[in-house]
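Listed features, source TrEMBL:
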| type | residues | note |
| --- | --- | --- |
| DOMAIN | 102-226 | domain 'Phosphatidic acid phosphatase type 2/haloperoxidase' |
| TRANSMEM | 70-90 | transmembrane segment |
| TRANSMEM | 102-122 | transmembrane segment |
| TRANSMEM | 157-175 | transmembrane segment |
| TRANSMEM | 182-201 | transmembrane segment |
| TRANSMEM | 213-230 | transmembrane segment |
Amino acid sequence: MLVVSSSRAMALPARRSLLALLAGSSFVLIALYLLAQRADFPLAHALLELQGGHWSLKQHWLLESLLHRGGRMLSMLAWVTALALLLVRWPQRARLRWHAPLARLLLTTLLCTIVIGVLKATTHMDCPWDLSAFDGTRPFISLLTPRPEILGSPKCFPAAHAATGFAWIGLYFFFAAVRPSWRWAGLAIGLLLGLSFGLAQQVRGAHFLSHDIASLTLCWWVACAVELLARPSERSAV
């Protein structure tokens, strides 16, 4: 029988998480490419033209009320519900199984929100609907180009609403710990929420595709980092 040393066995999850973290970096390269080459523009132009040259769907109830406001409320409700479950006095056996993974999930979603919020407040990039190329008034200023003070300090990058959904990709690691066969479903939930919220905002003219990719990248990094730092010696089906 092949015997694996305990230290090596405990190191496996950390190595897998690190590999996942590094794999996620490919998304940031795509985002930077899209941003630098303005590859976002053709898609945004197509969406604008489909609406007659104006962002006529900007206030549409499906996009604004349901997917934007409703999506944000759904995520907040899910977080509060998870917090309530964390505070419940579970039987000892259930607590040992669920408590730590649930705490990491809550931490992941919270950190995703904080990271995206801080970056939005410091990158000062415009939304498509603000740009003269897309029925707005401002010129396009790239991420690494100094921004004239007269243009103000917009807060459109990365995409916060898409991150509201992508933050839940932490469900992948949650289910990997408590029910491994569900981990891919957990990942799919986070991706589906983020993509749905992000697409809705793109149609409204609120974000470019690269904004969503950047948010996905950051949320994945956060989820992997929390998993890597919080449980370096626990085994899981990552």
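Residue numbers in this text run from 1 along the chain shown.
Any Cβ shown, glycine's included, is placed from N, Cα and C.
The model shown is predicted, which means the values in this text are computed figures rather than measured ones.
Highest Cβ pair count under 8 Å relative to the transmembrane segment (213-230), across stretches 70-90, 102-122, 157-175, 182-201: 157-175. Packing against the transmembrane segment (70-90) from elsewhere in the chain are residues 98-99, 102-103, 105-106, 109-110, 161, 164-165, 167-168, 193, 196-197, 200: each is 6 or more residues past its ends and has a CB under 8 Å from a CB in it. Same-chain neighbours of the transmembrane segment (102-122): 75, 79, 82-83, 85-86, 155-160, 163-164, 166-168, 170-171, 173-174, 215, 218-219, 222-223, 226-227, 230-231, counting only residues six or more beyond its ends whose CB sits under 8 Å from a CB of the stretch. Note on the domain 'Phosphatidic acid phosphatase type 2/haloperoxidase' (102-226): DSSP counts are 93 helix, 2 strand, 30 coil.
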